[in-house]
Structures are given as C-alpha cells and as structure tokens.
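Listed features, source TrEMBL:
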- Gly93, Pro94, Thr95, Gly96, Cys97, Gly98, Lys99, Thr100: ATP binding site (BINDING)
- 351-361: compositional bias 'Basic and acidic residues' (COMPBIAS)
- 445-462: compositional bias 'Basic and acidic residues' (COMPBIAS)
- 832-845: compositional bias 'Low complexity' (COMPBIAS)
- 1-331: domain 'Kinesin motor' (DOMAIN)
- 351-374: region 'Disordered' (REGION)
- 434-469: region 'Disordered' (REGION)
- 640-705: region 'Disordered' (REGION)
- 779-887: region 'Disordered' (REGION)
Amino acid sequence: ALVALRIRPMSAAELAEGARPIAHRLDEQVVVLRDPLADPDDVLRASRSQQKSYSFDVAFDATATQETVYRATTQSLVTVVISGSNATVFAYGPTGCGKTYTMLGTDGEPGLCARTLGELFQAIEDASGDVEYEVSMSYLEIYNEMIRDLLNPSLGRLQLREDAGGTVQVTGITQIPATSADEVMQLLARGNRQRTQEPTAANRTSSRSHAVLQVTVRRQQRGGGLRHGRLFMIDLAGSERAAQTRNRGQRMKEGAHINRSLLALGNCIKALSHRASSKYINYRDSKLTRLLKDSLGGNSHTVMIAHISPASTAFAESRSTLAYAHRAKSIRTTVRQDPLSVAANLHGEIRHLKGQGDTELGRPGQGKHRDIPYTQAQVRLRGARREPVGARQELAGVRREQVALSHLLLQPQGTALPAQHLLALTLYVSRGQQWSEEEQGEPVGHSDSEGDSDTGDKRLEVPEPPNVAIAHKSITVVAQKQDRLRQQKAELSRHFRQRQQHPRRLEEALRPRSISEEQRELLALLRCLHRPELEMPEPCSHTLLEGGLRHPPSVTAQRFDHHRALCARIIRQQQQLIVDHRLSVPRPLEELYETYLRELAGDPGDTGTLKVAHTLSPTQGMSLPKILPVRGAETPLEWDSGQARSCDHPTPCHDSLPPLRPTRDRYGWAPTTPHTHGTAEGCPLPSSAPTPRVQEDPTGTAGGAVPVALGRRAGWGGPHQLPLASCAHWQVVSALRCVPPLHITVPPQITVPADPFPSSRRPPGAPCAAELLRAHRAGGGAGTQHPRTPQSAARSKATPPASCQVSPHLGTGCRDHRSPVPHAPSPGVGVPSRPLPLQLPTTPRKGQHPRRGCVTGNGARASGKDDGVTGAEPSWRGAGPCAKPAG
Ligand SMILES: Nc1ncnc2c1ncn2[C@@H]1O[C@H](COP(=O)(O)OP(=O)(O)OP(=O)(O)O)[C@@H](O)[C@H]1O
C-alpha cells in the first residue's frame, strides 16, 4: 500500500479569517504540523515539541500539480489492473480539503480518475493482439449506509453480495461498457450530478457520501485464461467534527454515518497494519469496508491519498488525519498474482511506454515525465527495443548458462550435508571430551600426556564395536564423496566466475561502437539486475552448510550428550568406588581405564582402543547412538554370557548413578534379597534381563550379599566388589569399559559394638558407643579391648582392622561409625543400639591406590551425608535388627 499526503493551498475563506499555515512539507516524504496554540514563551512546556512530523511514502504541498500527484501515486496501477489484479485509490481527509479536487479535478486540471482511465485505455490499445480487453464501469455512492447507483439512481437501494469466488459485488448495479476515457468521464460527470452534495459550514459543495467508481477490465488471453482486474477510485466523504461543521438535523445524521464508516475503515486499516497477520479484520462494520474488503487487505494494490488544509484553524482535523494516514502506512496487502500476470504487467508496461517513448526519445530529463524511476524505466525499455539483437541474444545465453551453473553449484553443497552432520557429531564427541576434562578439573592435555607416559605400547588392542566400525566407514565414505564434490564445486566456481565476467566484457566491447548512452545504460542495468541472482548461490550454500553445522539433528545431539554424560558419570563413580575400596583390579581393567582417560583427552593416535560408539542408524537417522558390548571369544576379556544384554525396559534409567540402596526393611536396613539391585531408583529389572548372580558371603559373616554382577577371570587377584547400579547402567559401563562384569564376593563384615548401656542405665565409668568407637580407633581396631555386655560380646566377633580411618571432620566418626545411640537420650526412651557394618578389605592388594576415607559394608565411600550408599544387610550375629535397651 502506498500512502500519500497532499496539502492543499490556503483557501480564501481561511485567509480571510486570519488563519496561518501550520502544515508544511519538509521534504518528499515528511510533513510537519505545528501546534498553533503552542506558546513559544511558555517555559513550562519549552521541552515539549511544538511541532510534530509525519512521514509518508510521498508528500505534496500546494505547489504539486495534478500530474505530479498522478505520476507518483496512481499511474503504476494501470498495468496492475490490465494484468488482471485489483487496485484501489481512495482520497481521505476532512471536508473541504481537496479530495474531490484530487479525484475528479477540474476541466483544466483533470484529476486522477481522468488520467488513470486515459492511460488505461491507451495501454489496452497498445496491447498485443493476443489479448482482448473489455472495460466496463459502475459508479455508486454510499450515503447513510445505503448504496445508490449513480448511473441509474432509479434502481434505489442496492445490496452487497459475495459471489461464489468470495468477491464482494453490488447486486443489480449498472455496468456500462466503456471504450474510451472520454466516455468514462462523461459517465462520471453524469453520476456526479446525482451525487449527494450539500452545503456545509466547511464546504459549500460538500460531498456527503462516499463515491465509488469501479472500473472492471476483463482480460481474455487468446487460447488462455480469463482474468478480471478491478480498479476502485473512491472519493470518501469528508471526515468532520460536528462542532466544526455546526451541522444539525439531517446533516448531523449524515455526519454520524460518514464518521462511522470512516471509523470502520480506520479500524480495518489499523487491524491490517497490525504485525500479527492472524488478527481478525472486521470488514462488516460498514458498507464501505465490506465493499473494499478485497481492496484493503486482499489481492489488491492500495493507494491512499490523505488531504489536509494547511490552515491553523484546521489544526485538530489535520492532526487526526495525519495520524490516520500514518497508521495506514503500515497496511500490508498480499497480492496474489501468478507469474503470467507479472509477465503481462511487464508487457503492458513495455507497450505503454513504447507509445510514449518515441516522442520523448533523445530528450532525457525533459518533458512531463521528470521523475527518476520513470525516466529509468523509459531508458530501460527504450533501450530494450533498440539494443543490438546479437548482444541481447548473447546476454540471454550468458544468463541461462549462469543460472544453470548456479544450480549446479548448489547441488554439491546440498549432498554434502549428511557428511556435515556426521562431522558435526564428531565435533560433539570432542566437545564432550573437553567437557569431561573440565568437569574432572583436569587441564586439557593433562590426561593426554599422562596416558602416553603411563601406557606407552602397552595399550590394549580392543576391537571397535561393530556400530563404531560402521560409523567410521560411513564417515570415511561420505568424507571422500565430499572431497570429490568440493573439487567439482571449485571447478564450477571457477567457470562461474569466468562467465560472470562475460557481460562486462560484452559491455566493454560494445562501448566503442556507436550505441547510444541509453543502450549502454541498459546493458549496465541488465548486468546489475542479474548480479543478485548470480551471487545468490554462494550465500545460499553457505547458509545451508552453516545451518547443517550449527544445527545438527538436535534430538540426536541432545540424546548423545545425555548418554555421554551418563556414561562418564558411571565410569567415574565406579572408578571412585574401586579406589575408595582399595580394590585391586586386574591389570587389563586398569589399562582400560587409562585408555578411557586417554580417550577423554582426545588422544588421536589411540585408534585401537575403545571409542565411544556413536552411529546413526541409516533408517532411523535420529535414533540414540547405540553402545554395544564387545562380545566373542576373540576379545581379551571374556564375557560372562548373558551379562550384557540390553535392557528392554521402557522406562529410561536415570542419568545419574542410582544409589545402591536396596529396598529397606522396616528398620531402615537393606534386606538380603539379591533382587534389590534391579529396583534401585525405580528401574526394575525386566524379567527378560539377566539377574546377576550373587555370591553369598563364603565366611558366613556377611548377613547378606551386595547385589553384584559376577563373572570369572583367572588371575584377577581374587574377589572384588563393585556395586551394581542398574541393568542399563551396568551395560553402558560394561560396553564403555569393555570389561566383563566382575566376579565379586562380599568380604566379611565387621561390626562395631552397639552401645552396651543406654545412658539412663549406664554404670558409672562405662563408656558410651562413641567412646567405644574412639577407643576402638585409638587402639587400632583388632587389638582394642572395650567393655562389653554379654549380648554384645556374643554377637560381635569381628574387629575393625587398623586400616579403618575415620574422617576427622565427621566428629565421632563417619555416618557408619557414629554411634546410633545418642549421648544423652531422653530418659526412658530406649534407642536401639545397632552394630554398624564395616566392610573393609582385610589386606591391601598389590596395585591398590592408597586412599583415605572410610568404606561401609556395602562398599560405598562414607561421607557426612547419605549419598546413596547401599546398605547391605548388617551382619552382626546373635542380635536382632534392633537391640533392645538393656534392662
Ligand atoms: N490542490 C488544490 N489546488 C487548488 N484548489 C484546491 C486544491 N484542493 C482543493 N482545492 C479547492 O478547495 C475546495 C474544496 O475542495 P474539495 O471540494 O475537493 O474538498 P473535499 O475534500 O472534496 O470536500 P468534501 O469532503 O466536503 O467533499 C475546492 O474549491 C477546490 O477547488
């Protein structure tokens, strides 16, 4: 939509009443309105702007001629209409500001209607013989919300109807065929005589109705389709304020109707200018908006010319008109036009200008068409007619070739995208490694060097899991293909650049020849026109490429990240447990862990070791990368068959290591059942999943067994204990570490005697549990003697080894060493005394890491808080789950 503003000259009446001009055109687009009441001496309002500027697509002042206004606003609509689209021009403004003058004009200065129709018929005349046009017109007014046929007023009140195609039509209106502009103007003059005009205080011949001239162009392409273009030219009734017009009675009623329909029009404009295109637009509030439905927001080009008076006496009207028009500036219409009609537009323009061009050729900058775009178009089209045929053909050939090349250039990049995605995934892996290092607090490269020095050639040659191998192969294949495509692209680009030079060379070759300035300009124009299209493939391919790199399949990436984080946490925590327990692990396992650390550090040369297997299933593209366990006898580490089957449970396991806490009994201690491993953290072991074998404590001292996965491996230095998280976690860890589940035996447990005496009955001098513990620590465990009750003596056999260290920060001991008996319990309240399981390796093994910390009977590292330590069944003998207070 184009919005223009026209300021008419001061009228004699305004000058007579001493009005000052307050509206000025600042430049081609900006109009300034000054508040006449603003007092320049008012210091309180000095900071407030006394004038406001409004910008439009084009602005005219009193000096603008009808011709200028026509050229800048309406002329372009001619080609729109003859090509089968709709166009609307409406004049808006307060009464007496020049709307009718602009639309109809005078005999000496014809208005937009006459000029537009003149050119329309001219364009039709110039059209090729392939297209037949028929023009018909109707002229109506909307007065007090009634539609009246101005060409046949006897028809009375007419109604609006929507036809089958959704187009709003006035039923029964007279459609008069027209063959020339003169004919139409005569009809218009006849209609205007019928128009409702009444003298008002503001205008002696005030139009009290909206006059709508509708010109329909029926376009029939020979052997082609039929199209209708409609041009609405509307002289709106003047917006007015009752106070200003001093209207009474019928005039006031008219004014109310006028204002209501203009308000409805304003609302539609506001809604159309709203950013949210889905906003409902209510056209039904007035006849005017219903009639203009297709012309405002639909398939139409819209031009609005707002009119104001420059006089200070019209300040309020001018201000509201400027605001109204400014709002309309943001109307965005969606013109639905097929390519054929675009071509027809251009043809029409060519023919139209052809007729005019001859008379003005050789006089650039002269004549009535002085505006730059017009002159440029003239130059282009005139040049088009006269350019050397050979050059034109050559240009066309070059253009075709360049378009083909640009398509070819796009192609390779498009096919390279899968490879880019794979590479992006690889990038993700390296980012993940970096992330792991950062989370471990290790500087980048630390693990790398450490791994190298530690392992050297002693790395394990673990075969890649099949999925990883497939992924590597496919990456290699795609990368090779991409290389080939890159070479092709380079070749094509070179060719493309050569061809780009061609028009320039052609232009230079033509320059010395006797071609006119216009023809040279045409060539330059054509070259410029083609350039954006030719340059498009490069940014386009870059966009595709970057889009692929920056936005890899997000779901896959997220799941991959999630999975990787989960595995890393499991491995770290399990390693921590191994270290905390000082469990001796077989050398192959240690090497595997070192390998894993090197992998995290991104050791590029470590190709034979385990890699995080991430493959995209070709069919399921976005599926979670699978981590497969290495199976088969050829692997150095034997698998205990059935241990690493996949977990089919639909509920995803938690991404953190689940607390190794079996279901507790009513005393808060873990039962002896081995099945608890599967129920930890709500991830029950599916029936299909293998149940890890649990080896009972061979010594019989352990009251239960920690759920562990069992396996056999000769020469691993005996039984080891590893907590089992859940089947899925275990599989992940197993697959990542390429080690079979360990064969674990729960070592004997050691109990700390319960407090033999509740505080209320403790004999003088008898120690409490905490004191016992301190004594126990001080005495090195085994050799410590402390008072015992007969019960405790009977049930406590094992003694803690010297290696048991209680963290000092835990006060009387870590959670498991702390006496469950409070020092000063409430009198009479018996607190059960519980022996606490201490499960320690009795002898440090070779290769063990000397670690601090205290371990519990379930193999977890003791800490001040309950960090998910598994509670193995306490194994004190002869004692019930709850030691009753003595006495
Ligand atoms: N640009 C102009 N140059 C010279 N005269 C003008 C111009 N604009 C308007 N006038 C004169 O101002 C007077 C009022 O103009 P016009 O009748 O067009 O106003 P209007 O907006 O159509 O009023 P209404 O809404 O009441 O019909 C006319 O005499 C007209 O000739």
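Cβ from N, Cα, C; glycine included.
As the structure is a computational prediction, the values presented were derived from the model and not from experiment.
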Worksheet, complete the sentence: Among binding-site residues Pro94, Gly96, Cys97, close to ligand 1 by Cβ (under 6 Å) are Gly96, Cys97
Worksheet item: Non-local Cβ contacts of Gly98 (ATP binding site) (under 8 Å, 6 or more apart, same chain)?
Response: Arg6, Arg8, His307
Worksheet item: Which whole-number mean pLDDT does the model give the domain 'Kinesin motor' (1-331)?
Response: 83
Worksheet, complete the sentence: For Cys97 (ATP binding site), the same-chain residues 6+ apart in sequence with C-beta under 8 angstroms from its C-beta are Arg8, Gly238, His307, Ile308, Ser309, Ala314, Glu317, Thr321
Discussion item. Is it possible to get the count of other C-beta atoms within 10 angstroms of the C-beta of Pro94 (ATP binding site)?
Written reply: 25
Worksheet, complete the sentence: The number of other Cβ atoms within 10 Å of the Cβ of Gly96 (ATP binding site), counted over all protein chains shown, is 27
